[in-house]
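Here Swiss-Prot flags 11-24, 42-77, 616-630 as compositional bias 'Polar residues'. Residues or ranges marked as compositional bias 'Basic residues' by Swiss-Prot: 182-196. Sequence annotations record features per position, and here Swiss-Prot assigns N-linked glycosylation site to Asn378, Asn418, Asn440, Asn637, Asn1030 based on sequence analysis. Among the features that Swiss-Prot reports, region 'Disordered' is placed at 1-101, 138-200, 576-630, 1202-1222. Sequence annotations record features per position, and here Swiss-Prot assigns transmembrane segment to 205-225, 243-263, 513-533, 1055-1075, 1089-1109, 1113-1133.
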Amino acid sequence: MSLPERPGASQAYNQRSVYRNSPSRRSRPVDIETGGYHAVDNQASHQRGKSGSSFAESIGINSNTESMPLSPTSPDGQSRHAGPEQPISRKRSLIRPERNRIDRDHRNYHYHKHAAHMNVLPSSTGNDPIYEDFEASTERTNSNYNEGGSDGSPRQRRTVSGDHEKSAAVASTLPTPDRTKSGKIKRKSRRHSKPPKRIEEQLRPPTFWNVYCAIVTFWAPGFIMKCCGMPTRAQQRAWREKMGLISIILIIMAIVGFLTFGFTATVCGAPQERLRVNKVDGGNMIFHGVAYDLSESHHPPAQGMPLRSDGLGPNVLYDLPEKNAGKDGSFLFQNVNGRCKGLITLAKGSDVPTNDDGDLAWYFPCKTFNQDGSSKVNTTTPYYSGYGCHTTLDSRNAFYLDLKGAADVYFTWDDIKNKSRNLVVYSGNVLDLDLLKWFNSTQVDIPERFKELRDKNSAVNKAIRGRDVTRMFQSSSDKKYAQCFEEIIKVGSVDTETIGCIASKIVLYCALALILSVVGVRFFLAIIFQWFICRKYAPTKTSQSSDRRKRNKQIEDWSEDIYRAPIRLPGDVGSTVYGSSDRSSKRASFLPTTSRFSSVGGPDIRSQGGRRMPTTMASQSTSNQLLTPNSMFKQGNDSRASFLRTDPYSSTPTDGPGPAGFIHDAVVPQPPSDWMPFGFPLAHTMCLVTAYSEGEEGIRTTLDSIATTDYPNSHKVIVVICDGIIKGQGETMSTPDVCLGMLKDHSIPPDMVEPFSYVAVASGSKRHNMAKIYCGFYDYGKNSRIPADRQQRVPMMVVVKCGTPDEASKSKPGNRGKRDSQIILMSFLQKVMFDERMTELEYEMFNGLWKVTGISPDYYEIILMVDADTKVFPDSLTHMISAMVKDPEIMGLCGETKIANKRDSWVTAIQVFEYFVSHHLAKSFESVFGGVTCLPGCFCMYRIKAPKGGHNYWVPILANPDIVEHYSENVVETLHEKNLYLLGEDRFLTTLMLRTFPKRKQVFIPQAVCKTTVPDEFMVLLSQRRRWINSTIHNLMELVLVRDLCGTFCFSMQFIIFVELVGTLVLPAAIAFTFYVVITSIINSPPQIIPLVLLGLILGLPGLLVIITAHSWSYIVWMLIYLLALPIWNFVLPTYAFWKFDDFSWGETRKTAGEKTKKAGLEYEGEFDSSKITMKRWAEFERDKRSRSGYWGSRENVIGGGGQTWTSPPGHQYNEEYYSDA
C-alpha cells in the first residue's frame, strides 16, 4: 500500500521507510494495461534529509520538495519537457494517433489519471526505484474532504437539479494553500469569498435517441402522462424511452418475421405453373414451349372443321379425326418472317405462298408431333393445306391475343441430356434440333449450317448436343442462327429459377448455416471445455472425492436440501487437519530438497515438472528482490511472520508496522509460503457477503458454508456488509443484529464502536452515509449444525451501514443498495493499493482487518462475492482460487449454482434445467474464449490485482480506478443507465471488467458449486426475471460495442454477443413462429423439413449434453418439464419484461417489513455536504490517532519489542502443524 518516492526527497537505501515498499504498488514501465511510464532525462540526484530516530522526531522534519513530472507526456497529451527551442516531432508509427489518445471514453482513462499523480520516476540506471519516505514526505494536515491534494479527491459526478456537491463550488472558490517555512499550511482569507451557488441542471441539446422517442410518443403529451400517474419528468422520460425501445424491438421482430416468411414470397413470388415435358396431360396442347388448356375449347367454324350436333365447333383435342391431346402443335402457328427471314428462302417450284417482300406463309408442314420427340417425319402423306397453318389475321389474333397459356413446359438437365433426343439450350430455351429435319427441301431452302447442326453424326452436333450453347453461339453468324431457332424449334425452357428465388434460397441456406454453426460450435466447444480445458484449473486434491462421477452424485445429493451438509471423506485434505496432505509428501521425498546453494526463503518455487509456480503476494514475499531490508512485506518463511509486529518507527530496521494498538491474540497464524496443501501457492482471499433483508437462517447457512470450506483459514477472511438497518418480512430481528450475533471475540467491544462517514453511491444528501465496523471471529452459535471438530476459527468483519443521524428516524436508515455495498470494499481496495486518501470508514476497515488477520489488507488479491442466501460446497473455494492462481490472466470466474428447492412447486421445477443449460452450455462455451458475459452475483470471484511480468510487479484489476469510477456512478438519468446500475449491477460489473480488460479472461469453473433457493411463486419469478432480462439486454448493448474481444467478424465473441442480443429481443416472436411452423407442418403436406430439423437440434442438443457430461439422468426429466414451459420462458417472461422497461424496483423479491412494491430509482433529495467527510492517507490518520493517544511506538505496546528478536503472542507458539515431521 505504498507509492514510489518522488525525486529529490530520498534517503539512504538502508534507511528507507518500511511502509512504502509494498510489492503490489509497483507497476512495470512497459505494462500494457497501465499505459506505462516514460523515462525522464537528466534527472537530478535523489537526496533527502536524515530521518529521525523516532516518529516524534520525524514529524519535525520539513521536506519542502517539488514533485517532478511523472512522464514526458502529460495527461492532456502535451510534452512536459519540450521547451520553446525544442519542437515536438511525431515519430513514425503504424498505429494511428487517435488509437492512443487517452480521452474520457478510453477504457483506461481513470487509471491514467491516477497514474499521473503517482510520485515516481522510472529508473534509467537499472537500480531499484526510490520510494517516498513514510515520515517526512507525508504532509501533516487536518484537511477535510474538500481540501488537500487532488489524488484523493472525491469522485466527480454529473450534477443534476437537487444534487449539488458543495465540494465542486468550494473548490472553485478556495485559494491555493501556501506552505510556510515551518511546514504549516497558510491559507488566504475567506472573508470575501462568495458562498457556493447552486448548480442547476444544464440545458443540453437533445440527442438523436431523445428525438426518436419523442416522435414515437408524439401522441402522448406531458399533461396526459401526468393524468396517467407519471407527474415527474424522470418518469415521463423513462416511459418515452421504453416506448422507443419497444418500437425498435417490434421492428426487429418484423424483420425476423419478414425474413422467415415474407422474404421468399416477395422476391420469389408465387411461382408460375410449370409442367415437365412428357408430363403434360391430355387436356393440354403445347405451342412453342407453352401448354394451353384446350379441354373446354371449341374451334370456330372453318374448312375441315365441321360443327357438332349441338351446333358448337369441334374440340381440337378429341373431335377431329387426328387426336391432338397432349401433342405439340407449334407447326400449326409458326413464327415466320422474323429472325429467320433471309435464312429460310423459297425453293424453286414451291407452292408456299409468298409476297413481293419475300415473306413466306409457313416453313414446316402444318402438322402436330409428339412432345417426347418420337414423331417421325412424314414425307409421304400429304400435310394439311394452308388452312392448317392458320395464316389468316383472325386465326392468329384468336391464338396470340385471346388464348392464354396454362403453364410453361420445362426440361430438366437429365431430359436435355437424353441421348434419344437432339436438344440444346440457348438463353434458357430448349431447342429441338430434330425438328430441323421437318424442312421439306422441295418447298424451302435452308443453310448448310442447319443441316450440319441437325445431323447427329456431325462433329458440331456431338459437341453441342445436351449442352448450353449460349456462350458458344456468340459469334455473329451462329448467334443469328440461334435466334432463328428460338422462333421455330423451341419446345420448352430449362428447369431454372428466377433471381429472386435464387436469392431467397441463398438467404435461407446462409441463415441455416449460421444457426447450425452457432448451435453446433457452442455445443462442441462446451463439451471440449467440460472434458479438457476446465480440468487444468483444478487443484491436485481437495477434501472431497476426486472421482468425477462420485463427486457429481455427492453434489446432487447435497443440493437436494439447502441445509444438508456434504459427506466428509476421511483421509482427504481438510483445513481442520493441518499437515494431512503434507505428511505423505514429506515422507515420499527421501533425498533432501535444499542445499547450501539454495536461495534463502525459496524465492524460486517450482513444481514437480520444473515449471515456475504461479506468483502470489505471499510467495513473492519470500524473495528480497525489489524489497528494502525493512519492508513491511518482507515475511519470514514461517508462521510467525503473520503476527510479528515490532515498532515501525524505530531507527533500526525491524519488521513491518501495524496500526496503533494491538494485533488480536487469537489471530490465525500464517503458514510458510511454500506450504501448498492443494498443489498450488495459496492466495489470500476476501469472502464478501452482502446482506439486505435476509433472516438468521439464511445468513447462518451462508456463513457456515464459507467458514467450513477446506481452504485454509489463514488465507481467507469473511466480510459481511449489511445494507442499512433493515428487518426482513416476517423476521423478528434486523439483519445487522443477526450478523452481529454471529461475531465473537471482538477487537473492539460492540457498544464502543462508533459510526464513520464515507461517500455513498447515491445522490443529494444521501451521498453522505455512515457505517460501523465490527471485527472479530465467526461464531457458529450454541445450536450449530456444524460439529464441534469442524468449527474452525475464521476472521470476520461486519460493516453495518447505519446512516447519518438525520435519517435515523426514517425507514431503511443507511440503505444505499447492493452496488454501494460492493463499492465500499472495492474503493477501499483501490485506496489501499494506490495509497490514496481514504475516508474514516476505510481507515477503520484497514486497521480492523489487520488486527484480526495479522496481515496488511494489501496482501489480499482475490475476492469471493456471495449473496446471503447461498450455500457453498466445501471445496468450491479451493477450486476457484486454484484457477485464479494457475492462470493469472483470469480476472473473474463463477461456479455452478444448484437449486435446493427443486420440488417445492411447478415454478421451481421449470427452473432446474434452465439453470443447468445456462451454466454447462452457455458459460462453458464462453469460457473457451475467456469471455463469460455474466458472472452471477450470488456466487462469483474477481481478482483484486494480478501479477504482471517480472517478480513483484502487480496491476490493479477489480481495484482499477476505471472499474471503481464507472461502477460507482451516482447519477443515472437514461433508461439504459437505470437498467444497468439499478437492476443488474452484478452483470454490469462483469461487463465493466470485459470492457476495461478485453484481453483478460472470465471463465466458468464447473467444479465449484453452490446451492440456493429460487422463487417458488410465479409472481416472484416474474419479478425476478423481469430484472434479469432487462439487465441482460442493456448489458449486451454495452458489450456489443467492445471491439477488442476475442476473434474477428463472424468468428468473434462480439458477433456471438450480437446474436444473443437479437435472440433475446425476438424471443416472443421466435416462439410464436415455432408454433406456427409446427402446426402448418402437421396440417399441410409436405412438412417444412429445415425448420423442424433446426428446432430439433436446438431443443435436443442440451439433452445430449446431459448424457455426454455424465450428469444425473434426472436432468432428462427436468428437460422435458422445461420444454413444456417454453411458452412461459420465451413469451410470457420476455413480453412482461419489455413492457416493464421503466420499472426499476426489485418487485416482489427481497421485500422488507411494511414495504410496498413501487417503481424505484435514485432519489434526489437535499444537498451533499462534503465537508462532513474527512479524507486523509492512512499515514495521516495513524499519526493523528497516535498523537491523540500519546502512543509513539513504545516498545512495550507492540508485540516483539524493539529488538531484532520476537516473541509470540499469548496462545500462539511456533506453528508446527504445517509440517507433520517438524
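Cβ coordinates come from backbone N, Cα and C, glycine included.
The list of residues near the transmembrane segment (513-533) in space but at least 6 beyond its ends in sequence, with Cβ under 8 angstroms from a Cβ of it, reads 920-922, 924-925, 927-928, 1004, 1006, 1050, 1056, 1059, 1094, 1097-1098, 1101, 1104-1105, 1108-1109.
Closest by Cα distance to Asn440 (N-linked glycosylation site), from the glycosylation sites Asn378, Asn418, Asn1030, is Asn378. Spatially close to Asn378 (N-linked glycosylation site) yet at least six residues away along the chain are Pro365, Lys367, judged by Cβ distances under 8 angstroms. In this structure the C-alpha atoms belonging to Asn1030 (N-linked glycosylation site) and Asn418 (N-linked glycosylation site) are separated by 63 Å. Ranking 205-225, 243-263, 1089-1109 by CB pairs under 8 A with the transmembrane segment (1055-1075) puts 243-263 at the top. Per-site Cβ counts within 10 Å over the glycosylation sites Asn418, Asn440, Asn1030 peak at Asn1030.
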